[in-house]
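What TrEMBL lists as active site, proton donor/acceptor is B:GLU248. What TrEMBL lists as Mn(2+) binding site is B:ASP163. The feature region 'Disordered' is assigned by TrEMBL to B:282-302. Residues or ranges marked as signal peptide by TrEMBL: B:1-23. The site 'Interaction with galactose moiety of substrate glycoprotein' annotation in TrEMBL covers B:GLU194.
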Amino acid sequence: MPKRRDIVAIVLIVLPWTLLITVWHQSTITPLLATRKGKNIFAINIYHNDRRDGRSKSRNTFAFKESCSLQNRDIVEVVRTEYVYSRPPPWSDTLPTIHVVTPTYSRPVQKAELTRLANTLLHVPNLHWILVEDSQRRSTLVSRLLQETAVNYTHLNVETPRNYKVRGDTRDPRIPRGTIQRNLALRWLRESFRVNSSQPGIVYFADDDNTYSLELFEEMRSTKKVSVWPVAFVGGLRYESPKVNTLGKVYGWKTVFDPHRPFAIDMAGFAVNLRLILSKPQAYFKLRGVKGGYQESSLLKELVTLSDLEPKAANCTKVLVWHTRTEKPVLVNEGKKGFTDSNVEI
Amino acid sequence: MKLKLKTVFVLYFMVSLLGLVYALMQLGQRCDCSEHDLPKDRTISRLRGELHRLQEQMRKSDVTKQPQKQPAKPTIFVITPTYARLVQKAELTRLSQTFLHVPQLHWIVVEDSPHKTPLVTDLLVKSGLTYTHLHMPTAKDRKLQEGDPRDNQQGVIYFADDDNTYSLQIFEEMRSTQRVSVWPVGLVGGMKYERPVVEGGKVVRFHTGWRPSRPFPMDMAGFAVSLKLVLANPEACFDGEAPMGFLESSFLQGLVTMDELEPKADNCSKVLVWHTRTEKPKMKREEALQAQGLGSDRAVEV
């Protein structure tokens, strides 16, 4: 009896099956994805907790895995956290979801900006925060911040290629900041939701340094196609706003800076119904060849015409969002080597 | 016989190999199982919502049966001086949105103006917070005023400027202040953060890049004082004529010594408050329009 042949035979039988089983097992935990620039596991966390004063004990997480090789997908992971200081209002099955798209990039005030934006968003029911980092991989700072806050979120990232990045700190209006990130969020939305799904939703592009009143979110919830409203501190004015006639239709723009743009409005001044985004899958923010101030128009002209716009905020007479900008902090005392401990996260 | 077995093995091996290759190919692909799962997940989310609603109902009925007297948390009195400028409403709005998350908080807004402005009055009324609205034009000495603090009321006083950024944790950290508690502040003093240096649970010195020889070289947002201490020292106040950066010291010197300070935020190793500053919005076009008499509608409040 040639022992070697037996052994070889047994190995040849067992080896493929063990390989298969290990790979299969692996894929249930971390599915392998087709390599695409900037996409990793997306997680939607849905919270169904009531607002309570002070702490709460647990929170549940659903993890959706976007790409998979298996036909059977399980809902994985119930995460319990120790200390969450506040909660969003309970999820309602009747209110449309507001998907807030925020591009962000690393700089000293990033954590502060995201903290206070999260504090604002925590008051809004049925809100889904889509945070898109301008980075090669998702940073621990943002991941930790999102995990500790109780907001319903999706964390994405895509790095702006160097030739598109703003050189130094000079604001070159020809290179729109955050465009690639917003487009990624649009693509994510189109891949996650089906056109004929009955889940109503609104998409709003919110920069991390602006200030939003809570009333604004309730105004935009009733958007059928695209709704618009005034924005403070843009265009070198106290506020810019759409011009609304007595019939409640938008017919122009009350701006000084190029009022003849198709949509002379700031990113924070409009919201789009999710169904419209899904039904026009080619509509994205134009990246190249966009003049300063035309970025919003590059998206909106593919979605809607001027007469379809819905004016909100009492026929565009109230200011509910402010285009605040945070000063760059003076860090002169850090010196070349850095005076403070770099392990402390700010 | 031998041949048959051999072919069987070979066949078996080939089949397994093909199966493995097929499975490996599958792993790279995306499946659109999203259609199947969304209704399932929606049902689950709906059921969870119902479960929580029922749990909340149960809790409410329990509470009404046995009214428990829980020890009241110390109230945090947040003092915010504010003055009229373009970004005032925006700053106060987002500040109020943060404070709404903090239980037992009493917001004291002091306007730098000869009388209370309708902008701030309306904002406070709509905010949903417990507040006190005061006003005074810039006084030489800022004396503390609380809205009727009772003698046995536990409380903490915190000076919060309207353009800083506060995380919710900082309020829970300061609630346990016995005398004066301190913590790091981000983006201040020309550095990423300033903080007290803690050794053996006590503050031994301050890590700051600017004038570290001050008695208390820290920012207004970096400390909180217990109500008891302030009421016990009715003369303690801010010296408005103190040199720049000495405002905090002028107040704290009369109240506490360095080794009495209570370090918070994990022995002053975490940054939970940031000294952000908001840019002044550019109004060139507005000013040009106003010169022509075509300025934006003043009736619209910004």
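Quick reminder: no glycine exception, Cβ is built from N, Cα and C everywhere.
Residues of the same chain lying 6 or more positions beyond the ends of the signal peptide (B:1-23) include none with a Cβ under 8 Å from any Cβ of it.
When the recorded positions B:GLU194, B:GLU248 are compared by the number of other C-beta atoms lying within 10 angstroms of their own C-beta, B:GLU248 comes out lowest. The residue listed as 'Mn(2+) binding site' and B:GLU194 (site 'Interaction with galactose moiety of substrate glycoprotein') are 18 Å apart (CA-CA, integer value).
DSSP assigns B:ASP163 (Mn(2+) binding site) to coil in the three-state reduction, outside any helix or strand.
Counting only same-chain residues six or more apart in sequence, the Cβ atoms lying under 8 angstroms from the Cβ of the residue listed as 'Mn(2+) binding site' belong to B:VAL87, B:GLU91, B:THR276, B:ARG277, B:THR278. Taken through DSSP, the region 'Disordered' (B:282-302) splits into 8 helix, 0 strand, 13 coil. In the three-state DSSP reading, B:GLU194 (site 'Interaction with galactose moiety of substrate glycoprotein') counts as strand.
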